Amino acid sequence: MASRWLALLWAPVFLCVALILETASGTGDPSTKAHGHIQFSAGSVNQTAMADCRAVCGLNTSDRCDFVRRNPDCRSEAGYLDYLEGIFCYFPPNLLPLAITLYVFWLLYLFLILGVTAAKFFCPNLSAISTNLKLSHNVAGVTFLAFGNGAPDIFSALVAFSDPRTAGLAIGALFGAGVLVTTVVAGGITILHPFMAASRPFLRDIAFYMVAVFLTFTALYLGRITLTWALGYLGLYVFYVVTVIICTWVYQRQRSRSLVHSISETPELLSESEEDQMSSNTNSYDYGDEYRPLLLGRETTVQILIQALNPLDYRKWRTQSISWRVLKVVKLPVEFLLLLTVPVVDPDKDDRNWKRPLNCLQLVISPLVLVLTLQSGVYGIYEIGGLLPVWAVVVIVGTALASVTFFATSNREPPRLHWLFAFLGFLTSALWINAAATEVVNILRSLGVIFRLSNTVLGLTLLAWGNSIGDAFSDFTLARQGYPRMAFSACFGGIIFNILVGVGLGCLLQIIRNHVVEVKLEPDGLLVWVLASALGLSLIFSLVSVPLQCFQLSKAYGLCLLLFYICFLVVVLLTEFGVIHLKKA
């Protein structure tokens with residue numbers, strides 16, 4: 001029991017390693033890139049006098065390029081591409097619709113990158129880490145698995161909170177995803193497969209989520225989040241994890257005392273078969289099926305490398321539909337790049353997914369990816385002593401380590417320290433997700449400038465939809481397979497993690513990075529209050545209606561939730577375009 005609690009103490013550490021590295025690198029930035037025009041301060045956000053970047057569309061077409069280049073409000077603080085400069089300086093005015101179309105397609109592809117990276121590389125490595133730490137399924141589910149499922153949301157929130165101009169994106173995305181998941185996803189599950197909800201877990205999760213929403217609502221009202229407030233968010237999530245563990249322990253103890261009555265009289269938690277299925281889905285999923293070699297028997301090193309880097313299963317290709325093939329072709333470049341750069345450890349395989357030539361190659365490439373994605377590549381090009389850039393030193397050290405590993409191991413048996421590759425894969429995939437999330441936030445802000453939309457409405461629509469679509473399909477699939485209770489529980493468990501860790505960790509890292517005592521929040525007028533109120537109303541509706549139904553969720557309940565979301569979107573759009581507004585005094 002003591003070892004499990006020790007492992008639990010380590011869990012948050014590994015969840016935050018990549019994020020702390022990213023944030024710590026912000027202090028003492030060796031680059032010459034200007035960051036001074038937007039800073040957090042103890043009293044207020046100190047900014048150089050500037051015009052709102054959204055004013056660019058009201059200028060003459062000949063003045064727009066010069067405006068976005070000179071105005072600090074139009075500059076991106078992170079990322080590899082300057083989307084505003086690209087659309088106003090490199091596309092003629094008559095090709096603006098084409099540029100917007102290209103940006104939208106690139107945005108969709110970035111969402112695809114986020115989904116593939118999280119599902120096939122980030123989550124499997126988190127599962128391997130939790131297995132090596134000997135965490136129980138319940139502890140892993142509310143820590144590592146929650147982090148894996150919410151990685152796009154968390155990284156998007158961290159990136160958005162790093163700049164006061166895009167903080168509205170984070171609030172909009174987290175609240176918008178909350179409304180979406182608690183209405184559309186939860187309602188869709190009950191429509192697909194009506195079921196009896198587990199009463200105590202449902203009440204526990206919805207109570208914690210309502211507290212998290214109330215904390216965020218209060219922070220928005222006060223207009224700031226202090227260090228104590230940020231730590232309170234993280235502390236509340238730790239308390240939630242401990243509560244889940246204690247509830248599970250109490251339930252298991254009760255079940256062990258009366259096994260005879262547990263099946264018929266305990267509808268509160270998942271059934272044993274459902275728990276087994278959940279364990280299978282979350283920890284034993286074979287992420288390597290798609291990449292399994294076609295040839296059996298002894299293979300050469302070159303054959304192992306070629307097969308390991310092949311993202312296409314030709315047997316599966318021949319049996320799939322045209323739509324699946326088209327999507328697969330679109331994903332091939334991403335999957336190949338991730339296979340090349342991100343090691344994956346699978347404890348459920350006999351060889352633990354040990355691919356000697358590829359893993360040795362990844363010892364060179366993965367650290368290189370780390371330094372080239374950290375701070376958008378700033379540290380990768382920094383020269384040590386004016387002699388060698390960091391990326392060159394990383395390549396030299398990685399090559400030496402890869403050579404030793406290659407000659408000290410064999411193709412057939414994984415080395416004793418192979419589990420360390422899970423940590424390397426975790427860090428590499430985390431920074432890939434962070435890089436993609438940075439580009440997503442930059443594109444959304446650019447679209448907001450072009451269409452003169454607030455960051456909040458972009459966050460609660462495009463960003464929330466993009467980050468939640470994968471989880472929605474997963475939950476709907478579980479419901480169709482006969483596990484609606486599991487899918488329904490995942491709805492609330494995931495968004496609790498997202499809002500508490502997304503807001504708490506995002507603000508905490510900015511406070512540490514900028515050496516301030518608080519982070520200022522500037523709500524986008526009435527829209528934020530509409531969003532917060534809608535989320536609160538959806539939770540109150542479920543909290544009241546579900547017990548009134550004796551926790552028997554019907555299709556009518558699901559239809560009511562869907563109708564609520566449609567009304568919410570209508571009110572949001574009417575508020576955004578000024579149809580609904582507060583009367584001026």
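A Cβ is built for glycine as well, from the same backbone N, Cα and C atoms used for every other residue.
Keep in mind that this is a model prediction, so the values were computed, not measured.
Feature annotations, reproduced from Swiss-Prot:
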- 1-26: signal peptide (SIGNAL)
- 27-95: topological domain 'Extracellular' (TOPO_DOM)
- Asn46: N-linked glycosylation site (CARBOHYD)
- 96-116: transmembrane segment (TRANSMEM)
- 117-140: topological domain 'Cytoplasmic' (TOPO_DOM)
- 141-161: transmembrane segment (TRANSMEM)
- 162-168: topological domain 'Extracellular' (TOPO_DOM)
- 169-189: transmembrane segment (TRANSMEM)
- 190-205: topological domain 'Cytoplasmic' (TOPO_DOM)
- 206-226: transmembrane segment (TRANSMEM)
- 230-250: transmembrane segment (TRANSMEM)
- 251-325: topological domain 'Cytoplasmic' (TOPO_DOM)
- Ser258: phosphoserine (MOD_RES)
- 326-346: transmembrane segment (TRANSMEM)
- 347-360: topological domain 'Extracellular' (TOPO_DOM)
- 384-404: transmembrane segment (TRANSMEM)
- 405-416: topological domain 'Extracellular' (TOPO_DOM)
- 417-437: transmembrane segment (TRANSMEM)
- 438-445: topological domain 'Cytoplasmic' (TOPO_DOM)
- 446-466: transmembrane segment (TRANSMEM)
- 467-491: topological domain 'Extracellular' (TOPO_DOM)
- 492-512: transmembrane segment (TRANSMEM)
- 513-525: topological domain 'Cytoplasmic' (TOPO_DOM)
- 526-546: transmembrane segment (TRANSMEM)
- 547-559: topological domain 'Extracellular' (TOPO_DOM)
- 560-580: transmembrane segment (TRANSMEM)
- 581-585: topological domain 'Cytoplasmic' (TOPO_DOM)
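When Cβ distances are compared across the two stretches, the transmembrane segment (446-466) makes no contact with the transmembrane segment (206-226), since fewer than 3 pairs at least 6 residues apart fall below 8 angstroms. As a summary of secondary structure, the topological domain 'Cytoplasmic' (438-445) carries 8 helix, 0 strand, 0 coil according to DSSP.
Segment contact is absent for the transmembrane segment (560-580) and the transmembrane segment (417-437), given fewer than three CB pairs below 8 angstroms at sequence separation of 6 or more. Sequence-distant contacts of the topological domain 'Extracellular' (405-416), counting only residues of its own chain at least 6 positions beyond either end whose CB sits under 8 Å from a CB of the stretch, comprise 299, 301, 304, 351-352, 354, 356-357, 359-360, 363. Using DSSP to sort the residues of the topological domain 'Cytoplasmic' (190-205) gives these counts of helix, strand and coil: 10 helix, 2 strand, 4 coil. Tertiary proximity for the topological domain 'Extracellular' (347-360) is limited to same-chain residues at least six positions away from its ends with a CB under 8 Å from its CB atoms, namely 127-128, 131-132, 283-284, 286, 288, 301-302, 304-305, 308-309, 339-340, 402-403, 405-406, 409-415, 418-419, 421. Within its own chain, the transmembrane segment (206-226) is flanked in space by residues 171, 174-175, 178, 232-233, 236, 240, 243, 492, 495-496, 499-500, 503, 507, 517-523, 528-529, 532, 535-536, 539, 542-543, which lie at least six positions past its ends and keep a Cβ under 8 Å from the stretch. Residues 111, 114-115, 118-119, 149, 152-153, 156, 173, 177, 180-182, 184-186, 188-190, 192-198, 201-202, 205, 270, 274, 277-278, 281, 553 of the same chain lie 6 or more positions beyond the ends of the topological domain 'Extracellular' (467-491) yet place their CB under 8 Å from a CB of it. Under DSSP, the residues of the topological domain 'Extracellular' (162-168) split into helix, strand and coil as follows: 2 helix, 0 strand, 5 coil.
Residues 186-191, 194-199, 202-203, 488 of the same chain, all 6+ positions outside the topological domain 'Extracellular' (547-559), place their C-beta atoms under 8 angstroms from a C-beta of that stretch.
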